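Trainee: So TrEMBL says this about it:
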type    : residues                                    : note
REGION  : 1-188                                       : region 'Phosphopantothenoylcysteine decarboxylase'
DOMAIN  : 7-172                                       : domain 'Flavoprotein'
DOMAIN  : 184-395                                     : domain 'DNA/pantothenate metabolism flavoprotein C-terminal'
REGION  : 189-399                                     : region 'Phosphopantothenate--cysteine ligase'
BINDING : 277, 287, 302, 303, 304, 305, 321, 339, 343 : CTP binding site
Ligand code: CTP
């Protein structure tokens, strides 16, 4: 699982402007994209594999014959939501137009059904050569998006059309192509997920039914909108989300400790975890015999949200969740508003979890309430959709 729409493959072919793609890579990462770089062997004469690995923070494969057991060309073709090749040389345009696949990059392009953006850069004469013009036309007819090169100084003293375009122009076309909004770019968001467990003895614990699905859906959605996401997951069994930092915790105290440390640096906290209200006061190092279980006593856990709200700085946004077992909308709203006020929240999502609804399910239904008493009634929808609706609200409040 990875952020929807945010996994991008950057192909680099052997033109002198390959170095400009280092800046493109950086800017794409700032927009929240996870970028796999696939350089052609000729391009390594201009920018080496080590540079791409260091900048992307990911392993870079340069040929078809590495990690063959993983069938990387098919894996990368499937995993990436978009392919951008910058620069694209005249030779690569010719290869792609004739459907050839003799290296890793061309194999990926041929195997991928994702949108493909080409950024040709070459000397004016090569760009205007009828062979190149025909190749570009063929590729456009097949659905490739070709970014027109800029006009200006070439390598050496010539001037003309064929320059690698401004990086901002390439990013603009990528955003238009993917319809992705990076409205959370540059924002740090803490999200909690799952349910805490409070140990009784080495064998037993007190827990709850939260699966963590909602928190994971929120994390994936926020990352796909460009946020830097730290997910604090309590006892979940869900696949990791690429590009999201995950810290696993067990108890409410552990969750509180991580949040205490991270909170001051974040722009928003979304507390979707189900936190146990009590812990065992007299944890036993030895298994408690069943006839002695009535010795177990409880003490209160900290109210994590309330404590953090007291430390909230101007501009920070806090979103809470509430799970209630009441079905009447008016009562549900009242309960939500009480928690919103008592925990000084900016926004709360309150849902009815009676009869096993919501916990562990793909769907949810409830009310979103903000501190100005605006209420959005959420019908039965997927947790992914709720995530986007909640994040839309959050974006409005962050700005
Ligand atoms: N919460 C928290 N710390 C706790 C308990 C809850 O931070 N010790 C957070 C939850 O993550 C959630 C919100 O507070 O975002 C509301 O949780 P909920 O369990 O519905 O409310 P409680 O305050 O525990 O009240 P009650 O259980 O009495 O309904």
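Quick reminder: no glycine exception, Cβ is built from N, Cα and C everywhere.
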Trainee: Using DSSP and three states only, what is residue 321 (CTP binding site)?
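Mentor: Going by the DSSP assignment, residue 321 (CTP binding site) falls within a strand, counted as strand.
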Trainee: Where does the mean pLDDT land for the region 'Phosphopantothenoylcysteine decarboxylase' (1-188)?
Mentor: 92
Trainee: Hey, of the binding-site residues listed (277, 304, 321, 343), which one tops the CB count within 10 A?
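Mentor: For the binding-site residues 277, 304, 321, 343, the Cβ with the most other Cβ atoms within 10 Å is 321.
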Trainee: Can you check what DSSP calls residue 302 (CTP binding site), collapsed to helix, strand or coil?
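Mentor: Looking at the DSSP assignment, residue 302 (CTP binding site) belongs to neither helix nor strand, so coil.
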